[in-house]
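Undergrad: What TrEMBL records for this protein is below:
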- 138-165: coiled coil (COILED)
- 2-44: domain 'TRAF-type' (DOMAIN)
- 55-103: domain 'TRAF-type' (DOMAIN)
- 167-318: domain 'MATH' (DOMAIN)
- 2-44: zinc finger (ZN_FING)
- 55-103: zinc finger (ZN_FING)
Amino acid sequence: MHLEDCRYTPMKCPRNCGIELEKSQLRRHLQEECQKRGIRCDFCHIPITQEEERSHLEVCGKFLLPCPNGCKKGDIPREEMEFHLEEKCPQQEIPCPFANAGCDFMSKRKNLHKHIKEDPISHLGMACDTIIAHGKELDNNMKQLAMHTNKIADLERTVDTLEKLYGCQLVWRIEKWEDKMSEAKLGRKPTIFSPPFLTTRHGYRMAMSLCPYGDGRARGKFLSIFICICKGEHDALLTWPFTHRVSFSLIDQCQDPKSRRNVTYTIKPNIIKDNKAFLGRPVGERNASFGAQKFVELEILKTMDYIRDDSVFIKCEIGSEDMTKL
């Protein structure tokens with residue numbers, strides 16, 4: 001019991017500063033001597049510990065420093081020193097304000113006014129020459145801008161021409177055809193889907209779906225193909241309902257392009273109220289699908305080179321007539 005109350009009992013500092021001292025000295029140590037005691041910076045007033053004070057003062061923005069040029073400003077906060085030297089200090093060595101115009105004079109800030117006043121004609125001439133040079137550079141830049149603008153316009157016309165020439169199309173390669181056909185026959189995966197595609201750069205967003213073993217009454221007899229309109233980024237700028245011709249083609253992969261016998265099915269949307277769910281602007285992620293339930297007979301699919309290397313190619317073309325141009 002005595003040791004608990006004894007004022008000479010040795011103790012370690014509870015702040016873990018590493019000092020061991022008698023119990024009677026602990027209060028004074030914690031308040032005045034401990035390097036881990038809390039203090040406030042005399043300049044910025046943020047809380048720090050005593051042991052951090054020296055390193056903090058080396059970076060403290062409010063710490064007062066004398067001007068390195070010895071001007072009469074007095075002590076300046078560290079965070080304001082750069083501005084003082086660049087903008088205010090009369091003893092700072094700086095270039096003539098007309099340095100960009102060709103004057104290579106350097107002097108203390110307090111002497112620059114005298115320098116410019118002694119030779120105003122020369123400095124005015126430099127300024128005029130600079131204005132003329134900048135004017136020529138501006139003219140050249142304007143010519144370059146006009147040239148690039150014309151090139152951009154030519155490229156846009158080229159893209160528009162290519163879109164009209166080749167149409168808005170997607171060529172969909174379906175790999176592992178036998179596996180997909182088997183899964184469709186067993187009913188495990190009766191429908192497969194193409195990646196979404198755009199009819200033009202800012203056009204309708206669409207996606208195809210294919211039933212390898214047929215859909216509904218066509219099951220077991222025909223390849224069925226459909227297309228749907230998906231919600232797109234530019235729907236607010238497009239014309240609704242969708243009215244453009246849609247053509248599906250099963251591509252013959254014969255090595256001789258002249259001998260190919262592609263099978264094509266074309267749909268022209270019928271704009272009636274009952275078809276709004278198919279052709280109207282999408283409310284959800286995608287509209288209901290429309291297409292050809294009896295696209296290609298399964299027996300015909302086995303002929304020619306419609307299936308090659310266990311792959312089938314389906315092309316979809318969207319008519320670009322009267323398509324909205326943004």
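Using N, Cα and C of the backbone, Cβ positions are placed for all residues, glycine too.
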Undergrad: Which whole number is the mean pLDDT over the domain 'MATH' (167-318)?
TA: 93
Undergrad: Same chain only, please: residues at least 6 beyond the ends of the zinc finger (2-44) with a C-beta under 8 Å from a C-beta of the stretch. Say none if there are none.
TA: 50-51, 53, 56-57, 60-64, 77
Undergrad: For a three-state summary based on DSSP, what are the helix, strand and coil counts in the zinc finger (55-103)?
TA: 17 helix, 7 strand, 25 coil
Undergrad: Take the domain 'TRAF-type' (2-44) and count its residues per DSSP category (helix H/G/I, strand E/B, coil), listing them in that order.
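TA: Looking at the domain 'TRAF-type' (2-44) with DSSP, the answer is 15 helix, 9 strand, 19 coil.
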